[in-house]
């Protein structure tokens, strides 16, 4: 009986420490961090099919690429066009700025659920996608995560937030809601907003900022 009580005490103490750490991370999320030296920041960029990638490429065109490097592009395993566009963008940087050396890597991630997939089989694919996302985040351990709506960003952002709590890596998450979202957030955006996981949350329409006051209105980026 004494051993059981002692085990319960250790468990409750551990959970209390985790809860305090989680509250501390939530308190610091969104607050500016002091960088003692302007060192490059490893950056994870999550791409999505269709308009998501077009918007992301437009956003990256004004990014300080020498500051956010190396860059790791991730797209869904069934999305080949997005990574191709990212490669074209990186090649254009070499032509325009004369950047030498490999500053970008490209990889794919499993989807949690394909369009039209049954919910029964999606349980297995979700577990597989989560495990793959965890492996990628352990390998990359980015300092910055940039995403703009594709569902593939959710497991990556959740793991990045978990890494903050565990003290493995502080990854600043920047979320830019798609320009197609005028009155309501996407499911990805709503999850990140409600769970307070994004350090900076941007919207492109004033109606959205009025409905979600913690978001930052930046105007249309396209």
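Going from the start of the chain as shown, residues are counted 1 onward.
A Cβ is built for glycine as well, from the same backbone N, Cα and C atoms used for every other residue.
Since the structure is predicted, the reported quantities are computational estimates derived from the model, not experimental observations.
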- line: Students should find that the transmembrane segment stretch in TrEMBL, chosen from 80-100, 143-163, is 143-163
Message: Looking at 7-29, 168-190, which stretch does TrEMBL describe as transmembrane segment?
response: 7-29
